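TrEMBL annotations:
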DOMAIN    45-105  domain 'P-type ATPase N-terminal'
TRANSMEM  102-122  transmembrane segment
DOMAIN    142-279  domain 'P-type ATPase A'
TRANSMEM  298-322  transmembrane segment
TRANSMEM  328-347  transmembrane segment
ACT_SITE  Asp391  active site, 4-aspartylphosphate intermediate
BINDING   Asp391, Thr393, Asp784, Asp788  Mg(2+) binding site
BINDING   Asp391, Lys392, Thr393, Glu501, Phe543, Lys567, Arg596, Thr676, Gly677, Asp678, Arg758, Lys764, Asn787, Asp788  ATP binding site
DOMAIN    811-1038  domain 'P-type ATPase C-terminal'
TRANSMEM  845-865  transmembrane segment
TRANSMEM  871-893  transmembrane segment
TRANSMEM  923-943  transmembrane segment
TRANSMEM  949-970  transmembrane segment
TRANSMEM  977-997  transmembrane segment
TRANSMEM  1003-1029  transmembrane segment
Amino acid sequence: MTDNIPLQPVRQKKRMDSKHRGGCCECLRCCGRRDPRPRSVWLGHPEKREQRYPRNVINNQKYNFFTFLPGVLFNQFKYFFNLYFLLLACSQFVVEMRLGALYTYWVPLGFVLAVTVIREAAEELRCYMRDKEVNSQIYSKLTARGTVKVKSSNIQVGDLIIVEKNQRVPADMIFLRTSEKNGSCFLRTDQLDGETDWKLRLPVTCTQRLPTASDLLQIRSYVYAEEPNIDIHNFVGTFTREDSDPPVNESLSIENTLWASTVIASGTVVGVVLYTGRELRSVMNTSNPRSKIGLFDLEVNCLTKILFGALVVVSLVMVALQHFAGRWYLQIIRFLLLFSNIIPISLRVNLDMGKIVYSWVIRRDSKIPGTVVRSSTIPEQLGRISYLLTDKTGTLTQNEMVFKRLHLGTVAYGLDSMDEVQSHIFSIYTQAQDPPAVKGLSLATKVRRSMSSRVHEAVKAIALCHNVTPVYESNGVTDQAEAERHYEDSCRVYQASSPDEVALVQWTESVGLTLVGRDQSSVQLRSPGGHILNFTILQIFPFTYESKRMGIIVRDESTGEITFYMKGADVVMAGIVQYNDWLEEECGNMAREGLRVLVVAKKSLTEEQYQDFEARYVQAKLSVHDRSLKVATVIESLEMEMELLCLTGVEDQLQTDVRPTLETLRNAGIKVWMLTGDKLETATCTAKNAHLVTRTQDIHIFRLVTNRGEAHLELNAFRRKHDCALVISGDSLEVCLKYYECEFMELACQCPAVVCCRCAPTQKAQIVRLLQERTGKLTCAVGDGGNDVSMIQEADCGVGVEGKEGKQASLAADFSITQFKHLGRLLMVHGRNSYKRSAALSQFVIHRSLCISTMQAVFSSVFYFASVPLYQGFLIIGYSTIYTMFPVFSLVLDKDVKSEVAMLYPELYKDLLKGRPLSYKTFLIWVLISIYQGSIIMYGALLLFESEFVHIVAISFTSLILTELLMVALTIQTWHWLMIVAELLSLSCYIASLVFLHEFIDVYFIATLSFLWKVTVITLVSCLPLYVLKYLRRRFSPPSYSKLTS
């Protein structure tokens, strides 16, 4: 086969998991602590610990009190740019090398470092305050003296902690007791693993049976637990009670755990703390925060190295032209210092202050309220994003399910026609005085049933086939017991492992058939007339990811009729239901609308059929060999020729304006990848619904692969697809990256969109890192949960969405937004402006320094290559500060197009991805402009001066200042009133300061007409050609943005 291209396996790399495990262990080892190992934890007796455990504190800071100053200084001086200026300033302590006053070198450097230290200190302080808030949350602890309040940071291994409903679990615990009557509790884990389904957790049987919670302290028991590790889906341990006869031993699994960062969704629970601090599963799944250095800063650093090379070359040329006479090596150093302005120290100050201005502008933007800039060092990154990696739950979606469609084959009911469904249900229960179920049965036996009966059967099936439990809570008026007795509507809350299930049951309630009660063996429904319909649960077959369906067998208490109801994904149900010609087509139509489709079917069983099934089912469950296979075979014997009742369509509500935002990002040349911990079907539905995958694109669902051979075949199959979105699960991704990392990433990067489902937090970070390594492009990660923190911190630019599920992601991110739709404006407007402004600012600051360096070079060469400064003392400092600083810095307010235009034409953003605003080409153009203007000003001054040297200084320096002010005006594209103020202020400062500069400039000479015309001519010759060239370029080769503004 020609398409079967052999894939070269890559050398296996160290997995992400081992990296984290290793990292954690190395950290413990180097700190003098032992490796983590299994532990025995005595209930309520933290003092009986066998080893030292870490404190239960959350810490997102980069430094501590002692490492702050050394850390900040190291991060500054590890870059060539800053190290160069430090060495330059230190050289001035050597008398032979000194060229002027010490303050001319140390004041600018000190100012740069002070700005950096203050900014870092402010960010560290904010981070400390946020961590303190989390660490100070109050919990209840069971002790021999009763219940005491304890801060989250003071919780220890072995403590018995009480966690209320809707409260965050503060540490990794074993579940001992619950207040729920059914002896279990639900857990929200989306902050840990990104899954929206609630998880059912079971307490230790021995401790749940105790009369009261305080009895936990009276028994002699301990938990033996495995060493801390990264796996959030598995746990191995045992519970032992020693003071009973015989001693009780219970095995513990993931079902008995309460991991930190999850939230209790039902009842009040008591747990014993197993792991704290850095040994928490959630912390081990999070990478350490790193100091992010923007690509723009690295490019500027690269340009300064080129300028340094130019500085060395110019100095060597000067000494060579002196024929290396005398102490030539000292002359080289003096020339290096003399031309040190080639690399401008003010560049760092201007760029850092520019970043502060950009951050302030972002915070002040009324169109994206609540946006917070937590890392002010990388706003330019926002202007060059090539890959956007987003979470699903809570980021793209609201995690709120809404029932949208009921389809019966011949008729479909949407949101606007639900009242018709309601009237059908009402008519069934009010047609006759017969018991409703009997009436329903008599109608069901007719060959051609009425529409009301069909609707009723479908609604009843939806109301019975689920795992939802109604729970009653006191509402201040009615207490819990009374509410439960009378099925009080206002006190009822539905609990389930999936929000889809709750949406279905809430819908049946809205159309008249209400789920009012449920326990292990029975279900109670209430009809529109208020009658309670009792059903006995005979068997329940829960949903699994393998079977993709769930079933329930119930007996109607009033008629004795036994019915097997089933619902599931269309791919599996199509082979189970009776033949029909509409199922496949309608499922496709509903899926294209982004709805989660479930197929609902039923089968009536006689008593004999059920008894036969039960006998075979019990026998299969007792078998020792191949139990799961035998059980599945028995169930499948029922799953044949079932009657198709209806299709249901549920939508996970998208965040506001997600679709237009994703379309904007696509048009801007940004590829969007969705990384979620949720199920494959759910992720695919959301991708379609959000138009992450467009209607015209095919979707390639990557088959589940477990070994190298399967991965090879599947990659070859994928290679044959073109312009196709990829959907892959975390397990398959792991296998592909293990054997064919290079090939997989190459194929995935060609896809218009990629969806990774069932992704672990560490996998999300791994994907980000691989994208950075393989493509060299900038990545942006967006998420709202604790499971997104690793990805956010790994990306070049991390954006956290403040959602209902807490602030963990937004606190760890570089930028925090309140809604996903704000991302469009953050990138298209603020990212684009920040990058273009910084590019213009950096090149202009370099131009300003190169101008004066060119003049110095011309001056030295004319005066026999003497290492004598042209301008001394205050002139040299004033030039880069009060005389030109304000106009040059005002470029941070410049913009080429209005923000509305930038949002309307995201294609403008695509131009920036090529890095043209700051490239070697633009840099070279500015270097040539600087050499031209510096030469014209210096040669002009030498040509036109008459007698005294001081006149050269006056003419050249004034021409230089005026040239810089005019060049700023030439560069500006949109004038702001502050820019005009800056220009006038700088000019006024220079004119006013001439009075005090009599030791450098002849005050009487500058008042003459001769001085004025000479300065005017020199300035015009240096600037006018550039104005003409700019006009011609705009006229005959306009940039894309100018076409939109004209």
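Yeah, the Cβs are placed from backbone N, Cα and C, and that goes for glycine too.
The structure displayed is predicted, hence computed values, not measured ones.
A map of TrEMBL features onto the structure.
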residue	record	contacts (Cβ under 8 Å, 6+ apart)
Phe543	ATP binding site	Asn467, Ser498, Arg549, Met550, Gly568
Arg596	ATP binding site	Asp500, Gly649, Val650, Glu651, Asp652, Glu681, Thr682, Cys685
Arg758	ATP binding site	Gly677, Asp678, Lys679, Leu680, Ser729, Gly730, Asp731
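Applying DSSP to the domain 'P-type ATPase N-terminal' (45-105) sorts its residues as follows: 31 helix, 0 strand, 30 coil.
Mean model confidence for the domain 'P-type ATPase C-terminal' (811-1038) is a pLDDT of 87. Same-chain residues lying 6+ beyond the ends of the transmembrane segment (871-893) with a Cβ under 8 Å from its Cβ atoms: 100-101, 103-104, 107-108, 341, 344, 346, 350, 353-354, 357-358, 837-838, 840-841, 844-845, 848-849, 852, 953, 957, 960-961, 964-965, 968, 971-972, 976, 978-979, 982-983, 985-986, 989-990, 993, 997, 999-1000. In this structure, Asp391 is the one among the recorded positions Asp391, Asp784, Asp788 with the smallest number of other Cβ atoms inside 10 Å of its Cβ. For Asn787 (ATP binding site), the count of additional Cβ atoms within 10 Å of its Cβ stands at 33 [all protein chains shown]. In the shown protein chains, 27 other C-beta atoms lie within 10 A of the C-beta of Thr393 (Mg(2+) binding site). Counting Cβ pairs under 8 Å that are 6 or more residues apart, the transmembrane segment (1003-1029) and the transmembrane segment (949-970) reach 3 or more and are in contact. With a threshold of 8 Å between CB atoms, the same-chain residues lying at least 6 positions outside the transmembrane segment (298-322) that come near it are 79-81, 84, 328, 331-332, 335-336, 338-340, 342-343, 347, 351, 842, 846, 853, 857, 860-861, 865, 867, 915, 918, 923. Stretch with the most C-beta contacts under 8 angstroms to the transmembrane segment (923-943), considering only 102-122, 845-865, 949-970, 977-997: 845-865. Cα-Cα distance from Asn787 (ATP binding site) to the residue listed as 'active site, 4-aspartylphosphate intermediate': 9 Å (rounded to the nearest whole number). Only residues 6 or more beyond the boundaries of the transmembrane segment (328-347), in the same chain, are considered here, and those with a CB under 8 A from a CB of the stretch are 81, 84-85, 88, 91-92, 96-97, 99, 108-109, 112, 300, 304, 307-308, 310-312, 314-316, 318-319, 322, 842, 845-846, 848-850, 852-853, 856-857, 860, 867, 869, 876, 880-881, 885. For the ATP site, whose binding residues are given in the record as Asp391, Lys392, Thr393, Glu501, Phe543, Lys567, Arg596, Thr676, Gly677, Asp678, Arg758, Lys764, Asn787, Asp788, the maximum C-alpha distance rounds to 32 Å. Annotated pair the residue listed as 'active site, 4-aspartylphosphate intermediate' and Asp784 (Mg(2+) binding site), C-alpha to C-alpha distance, rounded: 7 Å. Using a 10 Å Cβ-Cβ cutoff, Gly677 (ATP binding site) registers 28 neighbours.
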